[in-house]
Structure formats: C-alpha cells, structure tokens
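Listed in Swiss-Prot:
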BINDING   20, 21, 22, 23, 80, 135, 139, 143, 203, 204, 205  pyridoxal 5'-phosphate binding site
BINDING   75, 76, 77, 78, 90, 91, 96, 97, 117, 152, 153, 197, 207  FMN binding site
C-alpha cells in the first residue's frame with residue numbers, strides 16, 4: 001500500500017535546527033596525545049566506561065561499509081575485542097555488511113562518546129574460526145541460538161517465523177552445547193588511520209589524526225586537523 005506523506009507535518013522537523021550543546025568537559029592538546037593510537041583509544045574508552053552513563057554502550061560503534069556499486073551503508077555494532085592487530089566485531093557472514101566487506105574490504109568505525117568521538121579507518125579480514133569459536137562459547141545460550149536463527153534471515157520475515165525457528169533450534173540443540181554456525185564469525189578491522197575529536201566551547205573543537213610511518217603500523221605521527 002502506498003501513502004503520500006509529502007505534506008504531513010513532522011513533530012520535530014524545525015526543532016532540530018535549534019538543538020545544540022556547549023561542550024565544556026575538556027580539551028585535547030598535542031602534549032596530551034599518547035604515542036600509540038591504540039593506547040589513546042584504550043584510555044578514552046576507559047574514561048567513557050568510568051562515566052557510567054545510564055543506557056550508554058561504550059563499545060558500540062557505527063560501522064560504515066560500501067558496496068561494489070559504491071553505495072554506502074552504516075549500522076551500529078558492538079566491539080568485542082581489540083589489540084594492536086585491530087578491532088573485532090562478530091556478525092552473520094550472509095548479512096549485507098559481510099557481503100559488502102567481502103566485495104570491498106575496507107571500513108570505517110565511529111565511536112560517539114560523551115563530548116568525544118573516535119573515527120578509525122582500515123582494511124578488513126575475517127577472524128580465524130578458532131578465535132570465533134572461543135568468543136561464541138562465551139556468549140549466553142540465548143544469543144548462541146539467536147545466531148542460528150539468523151541463518152534464515154531474508155529481506156522480509158514475520159515475527160511468527162522467527163519464533164518458530166527459535167523453538168526449532170532450541171529443540172535441535174537441547175541438552176548439548178550450541179556449536180558455532182558455519183555462516184557466523186568475526187571481522188577484524190586493521191587500522192591505517194585514527195582521528196580523535198574533543199568537543200570544545202564555541203565549536204573550535206580539538207581534532208587530531210594519527211597515520212602510520214611504516215607498513216607494520218609500529219610507529220605513528222599525529223597532526224592537528226580543522227575542527
């Protein structure tokens with residue numbers, strides 16, 4: 001059914017123009033940058049966790065991908081591991097994001113925190129199955145079942161269909177460990193650029209970029225960017 005809503009007034013269509021916040025929680029100076037962007041990220045993540053904002057998920061980030069047709073897409077996913085090798089999240093390998101990462105193995109991550117933002121760009125690779133299995137075993141059983149149910153996702157499903165598949169999978173794996181689905185696992189984003197943004201009063205924000213000076217990403221240089 002098609003409905004024409006072009007002339008329908010939206011409650012907040014004008015309100016958003018006047019929504020703004022004066023950032024006064026701090027500043028980011030060059031002398032405050034750590035040599036390693038990974039350690040800098042770790043420090044900011046720790047600070048965000050310690051704020052204990054109700055409802056916040058400090059490990060949530062926006063993952064941006066692009067199809068082979070150059071059509072971008074973005075969604076929020078959860079960071080589940082990171083080290084100097086990269087940043088790992090888990091998903092269905094049949095999902096749109098996985099399809100686009102297979103076709104175009106590059107991605108961008110954005111963490112939006114309290115008056116701070118971290119943007120990371122990198123190439124991607126699949127996590128090996130042993131690492132995926134280790135993480136999968138740590139998940140709640142309901143989430144493990146949910147991963148199997150997601151095998152049946154399509155462009156359109158009904159709630160009843162999903163509920164029936166959930167019961168089917170619960171019965172299938174009753175009284176046994178739920179195995180890792182062959183279509184489910186991790187992706188690792190291997191950074192080649194980091195940006196750290198700190199909001200400041202008057203919109204003269206602090207923004208610094210890290211770029212590697214060698215192919216091993218052992219050494220990085222920083223530069224200040226325009227707000």
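Numbers here mean position along the shown chain, with the first residue as 1.
Placed from the backbone N, Cα and C atoms, the Cβ positions cover glycine too.
A quick note: this is a predicted structure, and the numbers were derived from the prediction, not measured.
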From binding-site residues 75, 77, 90, 96, 117, the one whose Cα lies nearest residue 20 (pyridoxal 5'-phosphate binding site): 117
Nearest of the binding-site residues (22, 203, 205) to residue 117 (FMN binding site), judged by Cα-Cα distance: 205
Rounded inter-Cα distance in Å - residue 207 (FMN binding site), residue 139 (pyridoxal 5'-phosphate binding site): 36
Top Cα neighbour of residue 139 (pyridoxal 5'-phosphate binding site) in the set of binding-site residues 75, 77, 90, 96: 90
For residue 77 (FMN binding site), nearby residues of its own chain (Cβ under 8 Å, 6 or more apart in sequence): 60, 61, 63, 89, 91, 97
Coarse DSSP state, helix versus strand versus coil, of residue 22 (pyridoxal 5'-phosphate binding site): coil
Lowest local Cβ density (other Cβ within 10 Å) among binding-site residues: 75, 80, 139, 203, 207: 203
Alpha-carbon distance [residue 75 (FMN binding site); residue 203 (pyridoxal 5'-phosphate binding site)] in Å: 27
Binding-site residues listed as 20, 96, 205, least Cβ neighbours within 10 Å: 20
Where residue 203 (pyridoxal 5'-phosphate binding site) falls in three-state DSSP terms: helix
Among 22, 80, 205, which are recorded as binding-site residues, the nearest neighbour of residue 90 (FMN binding site) by Cα: 80
